Amino acid sequence: MSLKGGTAAPAPMAPPRKWYDMTSAEFYVYVVAFMCGISIMMPINAVFSAPSYMLEYYLYATKDPFLVPKMTNFWTNVMTYYNLISMVTSLVVEPLTLLKSFRKIPMLVRLLGGLSVLIIEIIVLMVVPARGTTEAGAVATMCIAGFIGGLGTSIFESTVYGMFGAFPPSFTSIMMGGVGISGVLTSLIQIIVKAALPDTYEGVKKQSYIYYSLDVGIQAATFIALIMMRFNSFAQLHFGDLGGVKSKVDAGSLAGAGENVREPGAEATELEQYTEPAIGQIQEKNAEAHKDDPLAERELSEEESGDSRAVEAAGEAPTSNEILRATSVFSVLRSVKWMFVACGFNFLITLFLFPGIATGMFPESKWFATVAVFIFNCCDVLGRFSSAFRITWPRRYNQRWIIVAASFARVIFVPLLLLHSYHYIPSEAYGYVMQVVFGLSSGYIASMALVLGPQSKGIDNDGKRFVAGTLMGISILVGGTIGTVLSIMTQTIRETY
């Protein structure tokens, strides 16, 4: 397996900027990246954190605590069905976000629109029980909420991954850390609430309201933080089209597009020695390097050429959205294919085994599943944050195969956790230890693939980095959907035989 490409490797990355060298604008973007990571997973984490409420949602929707359900198969597997509906919807919708017509939509509109849809998902789950309905209505509510969640996630997730893919890699690491923290936060609250409130009809209802209110509050805070991003100078330098009509990203004249960014015309600092080349400088360097190379890819698609000529004819620097529309999706996919595969297979294994198989072997235990999920989430977030430290990166570009190999090596967890699930290894302690290794490996590989994908050979401008980030998000959905389907099949066979 070779990770070599036909284009030159990207310029060496700048060392991470020290915290005391950050501007307030740069720090704010880190905070927003972290909040976006939390918001991506908060709805599904809030839903999964109240399993008793979801498994007996028909009782609360019908306002009848003694109702005997008719659709027992659906309610027994409601969490899996909900997740599957959400992921299949995302899998269908997210690739559509790469269409040229969708890429014309302003970045801020996409972010706020996707976030608003995620808020609606939780509101639907809370409003229906307040108004009351039938069991069939409760089933329909679950399906509709799952669809709404998948729609919102596909729009918001693809835009967030894409946008921060155009920033230095440390921002993607922080964003991925936020995704992991979301799970830790909800698991921690689940433990506290579970210990404080009884598992009665009213107690479970209060638990669900706490989780859902927390979710809506975090989403609302992220919504406001994203609106303020349009006035952030650091954000506009890296990705100008955040709502301001006049904000332009010059593809060739940015004074530093790496970890150290300064305003055009500002005096250079001693940190300048670490700064990566600007986008235009990278393009000029690549063009010079390949001018005599007959194998170098020079051709643009007809669509790309048309957009490029239109931008040049306008006589002004292209905006990020204009660069984005002029980007070939398939050429970017060729550049990130190995990180795409590593990321997708990693989530296939994770969602095949977690949470159903990895935590469902002791259904009579009140705490095993709760504690196991908490351990997994904590270790997952540690793995995700590890990509913020360069010591955990492959030392050279041609050593990226290590990430791919590590992703495929996680297949070893399949027999180890299946044997535990079938009680051939009947030990709760074994389950906790496995969650540590399983969580660390899942978080590390996911984060490294998402960070390294947009840093691949041939990814040398904002548009390509955005598309690369979006493709990595799609790889999560592809792997996750396949893993979820395999999980349903495995558990169905287990119940039958």
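Placement of Cβ uses the backbone N, Cα and C atoms for every residue, glycine included.
Swiss-Prot lists 1-26 (among others) with the feature topological domain 'Cytoplasmic'.
Panel annotation: around the transmembrane segment (27-47), residues 54, 79, 82-83, 86, 115, 118, 121-122, 125, 149, 152-153, 156-157, 160, 164, 167, 170-172, 174-183, 185-186, 211-212, 214-215, 218-219, 221-222, 225-226, 228-229, 232, 234-235 of the same chain, lying at least six beyond its termini, place a Cβ under 8 Å from a Cβ of the stretch. Marked as transmembrane segment by Swiss-Prot on the basis of sequence analysis: 27-47 (among others).
Cβ atoms under 8 Å from those of the topological domain 'Extracellular' (48-77) belong to residues 128-129, 132-139, 141-142, 186-187, 189-190, 199, 201, 204-205, 207-208, 211-212, 355, 488, 491 of the same chain, restricted to positions at least 6 beyond its ends. The feature topological domain 'Extracellular' is assigned by Swiss-Prot to 48-77 (among others), with a curator's inference given as support.
If you look up Swiss-Prot, you'll see 78-98 (among others) marked as transmembrane segment.
Marked as topological domain 'Cytoplasmic' by Swiss-Prot: 99-107 (among others).
Annotation source Swiss-Prot lists transmembrane segment at 108-128 (among others).
The topological domain 'Extracellular' annotation in Swiss-Prot covers 129-135 (among others). Within the same chain, residues 57-58, 60-63, 67, 69-71, 141, 205 sit at least 6 positions outside the topological domain 'Extracellular' (129-135) and bring their C-beta atoms closer than 8 Å to a C-beta of that stretch.
Feature annotation from Swiss-Prot assigns transmembrane segment to 136-156 (among others); the stated evidence is sequence analysis.
Look at Swiss-Prot and you will find 157-172 (among others) tagged as topological domain 'Cytoplasmic'. Taking Cβ pairs closer than 8 Å, the topological domain 'Cytoplasmic' (157-172) reaches residues 13-14, 16-17, 29-30, 33, 36-37, 40, 90, 94, 97, 107, 110-111, 114, 238-239, 258-259, 320, 387-388, 447, 450-455, 462, 465-470, 472-474, 476 in its own chain, all 6 or more past its ends.
Look at Swiss-Prot and you will find 173-193 (among others) tagged as transmembrane segment.
Across the topological domain 'Extracellular' (194-208), DSSP classifies residues as 11 helix, 0 strand, 4 coil. The feature topological domain 'Extracellular' is assigned by Swiss-Prot to 194-208 (among others).
The transmembrane segment annotation in Swiss-Prot covers 209-229 (among others) and rests on sequence analysis. Beyond the ends of the transmembrane segment (209-229), by six or more residues, the same chain brings 28-29, 31-32, 35-36, 38-39, 42-43, 45-46, 49-50, 108, 111-112, 115-116, 118-119, 122-123, 125-126, 186, 189-190, 193, 235, 242-243 to within a C-beta distance below 8 angstroms of the stretch.
The topological domain 'Cytoplasmic' annotation in Swiss-Prot covers 230-337 (among others), and the record cites a curator's inference as its basis.
Swiss-Prot lists 286-299 with the feature compositional bias 'Basic and acidic residues'.
According to Swiss-Prot, the region 'Disordered' annotation covers 286-316.
Feature annotation from Swiss-Prot assigns transmembrane segment to 338-358 (among others).
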| For the topological domain 'Cytoplasmic' (99-107), what are the DSSP-based totals of helix, strand and coil residues? | 5 helix, 0 strand, 4 coil
| task | Mind pulling out the one from 78-98, 108-128, 338-358, 362-382, 466-486 with the most Cβ pairs under 8 angstroms to the transmembrane segment (173-193)? | result | 362-382
| Candidates 78-98, 338-358, 362-382, 466-486; stretch with most C-beta pairs under 8 Å toward the transmembrane segment (433-453) | 338-358
| query | Sequence gap of 6 or more, Cβ distance under 8 Å, 3 or more pairs: do the transmembrane segment (338-358) and the transmembrane segment (136-156) meet that? | reply | no
| request: Could you check if the transmembrane segment (466-486) is in contact with the transmembrane segment (78-98), meaning 3+ Cβ pairs under 8 Å among residue pairs at least 6 apart in sequence? | output: yes
